[in-house]
Structures are given as C-alpha cells and as structure tokens.
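As given in Swiss-Prot:
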- 21, 22, 23, 36, 59, 60, 61, 62, 119, 157: substrate binding site (BINDING)
- 208, 296, 327, 354, 355, 356, 357: ATP binding site (BINDING)
C-alpha cells in the first residue's frame with residue numbers, strides 16, 4: 001500500500017486521533033455483535049503500547065434530529081472496550097467543548113479516550129456526514145498532528161471524522177485493519193492468484209451492476225445466486241413465477257449476459273415455495289423455471305453441485321451476498337453449500353465482502369474457515385467495483 005501506516009510514525013507521548021468503526025448493533029443498550037470492536041483492538045493496543053494517547057472517534061447508527069440520539073450513545077461501547085483492553089476508557093460523553101478538551105489534555109501516555117457518537121454532530125446541519133470544514137479542523141486540533149484511520153466500514157464516505165481530520169493534520173495514516181482490508185480485497189481483485197472466482201448473491205441486480213461489470217473483466221468466472229437470479233432469468237424469457245424481479249433492470253441483466261463471454265454462471269435450479277412467509281409447500285424446481293404461484297428463495301441442489309464444480313481448483317475467491325434467504329433453515333442449503341465448496345479448495349485465498357455474507361458465515365459457523373471477512377459492506381463493494389475510497393485517498397503518501 002502506497003500510504004503511510006501506523007508503524008511509520010512516532011507515537012510516544014502524542015495525542016493520536018483514531019477513526020474506528022464501532023457502529024455495532026445494540027439491543028436495549030446491550031451490544032449484540034462486538035466484531036467491529038474486536039477488529040479495532042490491534043491498532044488501539046499498538047498505539048498505547050508505543051506510549052501514544054489514543055483519542056477514538058466513531059459513529060453509531062443514523063442521527064438526523066435530537067430524538068434520534070436516544071439509544072445511540074457510545075457509552076456501552078466504552079464499557080465493552082474497557083473490558084477488552086483491561087483498562088479504563090475515558091468517556092466524556094460529548095463531541096466538542098471544554099469538557100472534551102480538558103479530558104484529552106489530562107490523558108497520560110497509554111491511556112484511551114472515546115469521543116461521543118460523531119453523528120450527534122449531524123443534528124445541527126449534518127456537520128459530520130457533509131464533512132463540515134470547521135468540524136474537521138476542530139477535531140484535528142485536539143491531537144498532535146497524527147491521525148490514524150482504521151475504519152474501513154466508512155472509508156467509502158467523505159465525513160468530517162475521516163476525510164475532514166485527514167486534511168488538517170501533518171500525517172494521516174492507515175491502521176492495521178484498514179491496511180489488511182485493502183490488502184486482501186484490492187489484491188484479490190487487481191493481482192489475484194488464478195483461477196479467480198467471484199460469487200455474487202443478494203436480492204438486487206441494481207446494487208451489484210458496477211461490481212459485476214468490474215469482476216467480469218478481472219475474474220475467470222462470476223457465479224450469480226440469490227434473489228437477483230430471477231431478474232437474469234426473466235431477461236432471458238424464463239418463467240419466474242412470483243419471484244423477486246427488478247423490471248427496470250431486465251435490459252441491464254440481458255446486456256451483462258451478452259457481454260460476459262460465458263463467464264457469468266447462473267443457477268440451474270431453485271428451491272421454491274408457495275409464499276415468502278407462511279408457506280405450506282417447499283420443493284426443488286426441475287430446471288431453471290419457477291412454478292406459477294411459487295417463488296424462488298434459494299439455489300437448488302443441482303446448482304450447488306454445479307457451483308461446487310465451478311469452484312474446483314480456485315486459488316482466489318471473493319464472495320459477496322448469500323445464495324438464498326439463509327436466515328430461514330429451509331432456504332440456507334445454497335449458502336452453506338457454496339461456503340463449504342469455497343473453503344475446501346486447497347490453498348485458496350477466500351474473502352467475504354462484508355454485510356449479509358459475513359453474517360451468514362458467522363451464523364452458520366464457518367467464519368473461521370475463511371482467509372478474510374471484511375468489516376465493511378459498502379466499502380468492500382466499492383473496492384470490488386474498482387472505485388477509489390475517499391477515506392483511503394485522504395491518507396498521506398509514503
């Protein structure tokens with residue numbers, strides 16, 4: 001990576017500003033999935049072990065008006081982080097002002113402070129989300145000229161807490177998580193060990209057009225599953241029953257199929273049901289066509305076998321999007337089958353591009369078998385599209 005990293009700067013005695021991604025799910029004030037906090041630990045620990053004073057910034061959820069602040073404080077995160085680090089985490093509970101400044105100035109080497117939810121600044125004119133110049137300058141002024149961006153999950157956004165701070169410090173560098181995310185995903189797409197197979201699922205073609213186009217150029221095969229299968233089917237005149245379809249994307253699907261040179265591989269059968277919820281019948285289709293009055297909710301057994309074959313010998317695999325409604329045991333066989341086909345390949349570099357695929361791997365007990373699971377759904381999608389991420393572009397060149 002041609003950007004400076006946290007290892008390239010002297011941190012001792014410095015107030016180091018760090019953008020982390022602590023946007024974790026909370027239920028009744030309790031964190032239900034702490035993966036993002038765990039993922040940030042190596043960078044935080046490195047900073048404090050080097051004698052730096054870590055000042056952490058993160059958003060949590062969406063905050064547009066005062067009422068939205070309810071249940072969005074980072075207080076539970078501060079407590080969880082303190083337990084994981086085995087030391088106190090200072091939490092002033094504000095995003096600016098004398099209370100924050102005094103707490104920062106009182107920090108000693110090796111201490112950690114967490115600023116309140118950066119999106120609380122969005123209540124008064126979207127200052128965080130619109131990268132307000134004054135806010136970026138103010139937050140930058142709280143440190144000693146070093147900013148570490150370790151929030152891959154927001155790297156595709158230009159906000160005050162990443163791009164804004166970066167523009168106003170002497171050195172803006174990548175943390176370990178950001179460095180690893182870029183290394184795994186970008187290298188997989190730009191310089192893959194071949195054969196390189198991409199697997200794309202999820203419900204909408206519209207979400208993945210740019211990704212499919214980019215990967216058709218880069219990958220040896222692109223396997224398609226999930227709800228978007230049926231838009232590709234209908235574009236070819238195949239009966240899809242009541243399956244999900246994007247009528248306004250039929251031409252796009254047809255165009256992608258025509259220019260794919262056979263690289264785009266669609267399922268050959270489906271698991272169909274007579275309703276999405278409250279169904280009374282579930283069965284495998286004979287071939288591609290879905291029965292009238294039914295809808296496809298997973299790829300079928302023949303497709304699982306065909307995808308298994310397509311993955312044989314693969315050395316690089318990037319997977320983004322489940323093959324079916326994996327949350328329901330009746331429609332998770334496709335997602336499980338594809339995961340198992342990926343991880344059994346000898347010496348494969350296997351990467352999950354965040355979002356629902358990451359949830360599927362974790363929920364179905366296969367997370368530890370993958371080389372890398374991205375922490376950022378939207379950011380990894382934009383990397384797979386070949387886009388430049390603003391949060392990364394803003395960092396200091398080596």
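Every residue gets a Cβ built from N, Cα and C, even glycine.
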Within 10 Å of each Cβ, count the other Cβ atoms, then let me know which of the binding-site residues 23, 357 comes out lowest.
23
Quick check for the class: what is the C-alpha distance, in angstrom and rounded, between residue 296 (ATP binding site) and residue 61 (substrate binding site)?
32
What whole-number Å value do you get for the CA-CA distance of residue 354 (ATP binding site) and residue 23 (substrate binding site)?
14
Integer Å distance between the CA atoms belonging to residue 119 (substrate binding site) and residue 327 (ATP binding site):
30
Using a 10 Å cut-off on CB atoms, tell me which of the binding-site residues 21, 327, 356 is the least crowded.
327
The one of 61, 296, 354, 355 whose CB sees the fewest other CB atoms within 10 Å, among these binding-site residues:
61
Among residues 21, 22, 23, 36, 59, 60, 61, 62, 119, 157 annotated as binding substrate, what is the maximum Cα-Cα distance? Answer in Å.
18
By a 10 A CB contact count over all chains shown, which of the binding-site residues listed here is most packed: 59, 208?
59
Give me the non-local Cβ neighbours of residue 119 (substrate binding site): same chain, 6+ apart in sequence, Cβ-Cβ under 8 Å, ordered along the sequence.
59, 60, 61, 62, 63, 72, 128, 129
Euclidean distance between Cα atoms of residue 21 (substrate binding site) and residue 357 (ATP binding site), Å:
19
Cα-Cα distance linking residue 355 (ATP binding site) and residue 21 (substrate binding site), given in Å to the nearest integer:
14
